[in-house]
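Enquirer: Residues or ranges marked as Fe(3+) binding site by TrEMBL: A:Cys113, A:Cys116, A:Ser117, A:Cys118. Marked as domain 'Nitrile hydratase alpha/Thiocyanate hydrolase gamma' by TrEMBL: A:23-202.
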Amino acid sequence: MHESNEHGHPHAEISHTERPGYYEIMETAVRELLVEKQLIGAGEIRRQIEVLDSRTPALGAKIVARAWLDPDFKARLLKNGRAGCEELGISFYDDTGLIVLENTEKVHNLIVCTLCSCYPRPVLGLPPDWYKLKPYRSRAVSEPRAVLAEFGTIIPDDVEIRVSDSTSMVRYLVLPRRPEGTEGFTEEQLAALVTRDAMIGVIPANSPAAENAP
Amino acid sequence: MQHNAQEPHASLPGVVFAAGESPLFALDDSVRILQRKPIGHYRVPTYLRGKVGTVVQIITPIGIDNEEEGFGRDAGVKLHYYRIAIPMSELWPEYSGSPRDGLRVEVYETWLERI
């Protein structure tokens, strides 16, 4: 480990120089109190960070790819999203439920949390910043077609848009439509086409052609 | 503990379910989300209060009232959450998208009334 800046390229010192904000100070105070009173240990906090860091959109992409390839798995997943994910070895450490929403020719699903930032973290990890900010949270439920258009997603008028607002116990994951031209693809090849944003519902899954584009 | 899209189990003849085990509302029931204004942080967004929708899914298993739990009050009683479908036109009179567009939200039993 380098103690000084001797690894080949110059950069500014990495440090926190701004004063901590109100909530940062509150978090530190509460955490130190909880540890001091031995209600939780520093190891448990570190462990939970490891849990969160281990959850990324790659998990959701695997679920989607499996559902595209295995109709029986897809049926189980749509019936009980959480059980379907648990079948693949993905735990729900926060004890939320999961409803998987299938996009079809007739229905396009979009997820949002207008109250805060509820998100299918067990299968996607942390949400993007825009998902947590008020413009997306308020507009996704009031003008979803305009929001989708800003992501480049134009939904025909004969396709119904369903916006699922997560509020308490249940989280949602969008199962995008399988792109054309993917016959014979392996699970790994299919998963590579499935992005975080497609599983939020703001864009479709990538087509194989787009995947090869620069 | 599983959360799923199944209909709750019906009781075997002769078996009596405790209060709360059976859902008050059924699929396709028309319901109104209550227009209440408690002070504090509640899990029913204000833009949905007073709006009318349809039960499209009864969410199982039953859960504790996390609003009561959140304020440190007794939350031993468990009830159902329901997935409610509300047309966008019910929420936004000026809505310009397809008339079939809609919102889905899960609402705790204590926030619903039959209409």
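Just so it is clear, glycine is given a Cβ too, placed from its N, Cα and C backbone atoms.
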Enquirer: Cβ-Cβ under 8 Å from A:Cys118 (Fe(3+) binding site), same chain, 6 or more residues apart: which ones?
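Expert: When sequence neighbours closer than 6 are ignored, A:Cys118 (Fe(3+) binding site) has A:Ser166, A:Thr167, A:Ser168, A:Arg171 within Cβ distance under 8 Å.
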Enquirer: The domain 'Nitrile hydratase alpha/Thiocyanate hydrolase gamma' (A:23-202): mean pLDDT?
Expert: 96
Enquirer: Let me know the most crowded of the binding-site residues, choosing from A:Cys113, A:Cys116, A:Ser117 and counting other Cβ atoms within 10 Å.
Expert: A:Cys113
Enquirer: From the centroid of the CB atoms of A:Cys113, A:Cys116, A:Ser117, A:Cys118, the recorded Fe(3+) site, which same-chain residues not already listed sit within 8 A by their CB, in sequence order?
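Expert: The answer, listed by sequence position, is A:Thr114, A:Leu115, A:Tyr119, A:Pro127, A:Lys132, A:Arg137, A:Ser166.
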